[in-house]
């Protein structure tokens with residue numbers, strides 16, 4: 001049986017009534033075949049190893065063979081029952097939960113130290129300002145220096161680069177251990193400084209690096225699937241497996257960042273994947289669930305929380321959280337959030353592009369890379385200083401404190417009691433400024449601060465700053481609604497008060513959805529607050545915000561891709577449905593410039609002068625147009641430079657002169673078998689053989705030598721036609737002597753060389769010379785065949801008056817080098833058996849042009 005039919009034989013195919021069936025399972029067959037392959041590879045490795053002494057082999061078998069066999073059996077059984085994916089996902093979730101908790105713990109302690117130093121210096125305002133500004137400045141500069149030295153790829157969010165990788169692009173040094181260390185250390189310092197930077201984007205990058213590193217160590221758990229998780233040696237040797245791992249890593253990154261496992265999986269699918277494989281769904285949920293569970297358990301163990309609960313827990317009433325009369329207000333939040341999200345993306349992109357347009361400023365900031373983050377940190381810290389302008393915008397609140405206070409159930413506009421009872425929310429109440437002004441100033445100031453802070457060269461994300469902005473905008477609308485309806489909304493005889501905190505949650509979900517172009521932010525908000533009381537208005541606001549934002553600007557991650565010019569093909573927007581009817585033939589270039597396998601150097605030169613593309617297709621011939629491959633433009637330019645440059649021609653002339661000097665021919669044979677040296681003619685063109693006249697065969701003629709400027713390259717030349725017959729020197733000795741005498745008498749009248757030969761009788765008439773001249777004349781220049789491009793027709797005798805000739809400079813003492821060059825050319829044609837004709841009139845030498 002053939003090799004193709006072997007699986008059928010092994011699987012024992014049987015024909016039944018309706019369909020055939022295999023009696024053996026294909027999975028068992030695959031495992032057996034994989035085991036055979038591993039055994040074969042192991043046997044080959046053992047054969048390559050040096051043989052050991054028999055005593056050593058016997059001792060090893062006696063002591064360890066049974067233990068190893070038992071351990072191997074147990075390992076195979078465990079991996080077969082549990083599967084390699086479970087082990088990998090558990091390890092990935094555990095590592096990411098530990099990293100997330102460690103970063104949160106370190107950043108929280110840093111912020112506590114920041115606040116403690118500020119409070120301890122309370123009587124002294126200048127020292128408070130110094131600490132308030134210097135502390136974040138030191139941390140931000142440290143993060144910038146650390147990333148610059150360890151791994152510059154760790155700068156930024158990470159989601160744009162991950163989207164590009166999942167499209168099949170290999171980004172160098174992006175998923176390495178150095179990038180992991182730089183990302184973790186830099187992000188911890190950035191979060192601990194209190195600047196408006198996020199954690200979600202960088203954590204997706206960190207999770208991807210963890211997946212890449214862990215996959216290299218999974219071979220110890222893999223039985224017959226030894227290389228299922230290895231990324232060898234190229235990053236995408238097994239593309240489908242790497243994409244599965246990256247999708248799972250994105251889910252874990254978002255899940256353990258906020259403790260939102262459902263929203264993390266959905267968010268990762270929306271942000272990073274164009275086409276999501278359903279087989280990865282359970283992997284993402286399993287890893288995100290395990291990671292979020294460990295993350296919250298560690299928080300309880302550290303006494304940061306009493307039990308496993310939501311990160312920003314709210315206490316909205318569940319029986320009647322909102323009324324139908326409030327739906328227009330929720331719709332207004334969604335529409336306004338769409339415009340604000342598009343404006344945020346636009347300003348963020350323009351800040352970077354504006355700095356790039358100013359070349360001097362860009363070069364200065366690139367050379368002194370600490371100035372930009374230092375200036376931004378100093379500006380933000382100075383404006384948020386609590387005793388200064390920060391008292392009018394709740395500047396003393398850190399990002400997480402601001403979110404917790406904005407989700408508060410109290411209505412600040414109507415509160416008249418002691419502000420200290422409100423706890424952290426007391427920062428929003430000022431005795432001389434309305435709460436509406438404070439929230440509005442907070443939103444406006446944090447808006448542009450978040451825009452420029454996310455452009456600093458440190459690991460930072462944009463999800464959490466935008467989340468804070470959305471919560472502030474929603475809270476502002478909620479406070480306005482509470483003022484418009486101070487008594488609440490009457491329904492079924494019961495008055496229900498408006499909850500501004502619910503508006504804040506809806507605003508946070510809507511604005512983050514507008515910036516990221518995702519709907520899963522609503523699910524993330526449900527998990528962050530622990531309540532789904534506002535699920536309907538939240539979905540309405542998020543969908544409206546997405547509709548507006550997608551019609552105006554790309555998402556924040558796609559905008560960063562455009563700014564960084566990453567090789568990523570964007571998706572068509574919802575308002576570009578008509579573009580789906582455009583086919584490839586409608587936009588393709590039909591007049592394609594190509595190189596054929598039988599083209600000439602002249603064709604190559606014309607092609608390179610008519611196009612500027614870097615790569616040209618190579619076809620078999622212009623008739624068949626069979627694609628053979630592609631050729632780089634630089635290679636074609638080097639080829640032309642090597643074959644048809646003036647230096648090449650001068651080199652060939654020197655070679656021919658050298659060969660003629662070594663083997664001169666004076667008309668007498670040195671032996672019966674004497675032969676002229678073989679000359680190369682690859683850079684000269686030829687005159688077609690005239691088969692009708694035999695008289696011109698006695699007077700061979702080369703193509704017209706016409707001087708060209710040394711800097712102007714000549715056109716491509718055709719290979720010289722050669723006859724299969726090899727002429728003996730005696731057969732054309734008289735022709736050589738006549739030609740030498742002809743050039744020396746007519747073209748070099750000032751030469752000192754002795755005249756030993758008689759003049760050659762010219763058989764051509766004057767009328768024929770005039771006809772040839774008119775045929776090749778174009779204005780005041782006569783064009784002749786290659787390699788001589790132009791010969792001026794100005795009445796001069798260029799046999800001895802030629803200047804700057806590529807064959808040499810004329811000299812009355814030594815004779816005309818130009819004539820020597822023409823003589824060598826004519827002799828090379830005669831050596832190849834090619835007939836030519838010349839005409840001489842009034843001391844001029846004319847060559848007929850083609």
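One-based numbering along the chain as shown.
Glycine is no exception: its Cβ is also placed from the backbone N, Cα and C atoms.
All TrEMBL annotations are machine predictions without curation.
Features of the protein shown, as given by TrEMBL:
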TRANSMEM  86-108  transmembrane segment
TRANSMEM  129-151  transmembrane segment
TRANSMEM  203-225  transmembrane segment
TRANSMEM  245-269  transmembrane segment
TRANSMEM  281-301  transmembrane segment
TRANSMEM  327-347  transmembrane segment
TRANSMEM  368-389  transmembrane segment
TRANSMEM  433-454  transmembrane segment
REGION    689-723  region 'Disordered'
Inset, instruction - Look at every Cβ pair spanning the transmembrane segment (433-454) and the transmembrane segment (245-269), keep those 6 or more apart in sequence, and say whether at least 3 of them are under 8 Å. - result: no
Legend entry - Folded-back contacts onto the transmembrane segment (245-269), same chain, C-beta under 8 angstroms, at least six residues removed: 89, 92-93, 96-97, 100, 162, 165-166, 199-200, 203-208, 210-212, 215, 229, 276-277, 280-281, 283-285, 287-289, 291-292, 294-296, 310-311, 516, 518, 520-521, 523-528
Inset, instruction - Return the stretch with the most CB pairs under 8 A relative to the transmembrane segment (281-301), choosing among 86-108, 129-151, 327-347. - result: 86-108
Legend entry - Same-chain residues near the transmembrane segment (86-108), Cβ under 8 Å, at least 6 residues beyond its ends: 79, 184, 187-188, 191-192, 199, 203, 206-207, 210-211, 214-215, 218, 221, 229, 248-249, 252-253, 256-257, 283, 286-295, 298-299, 302, 304
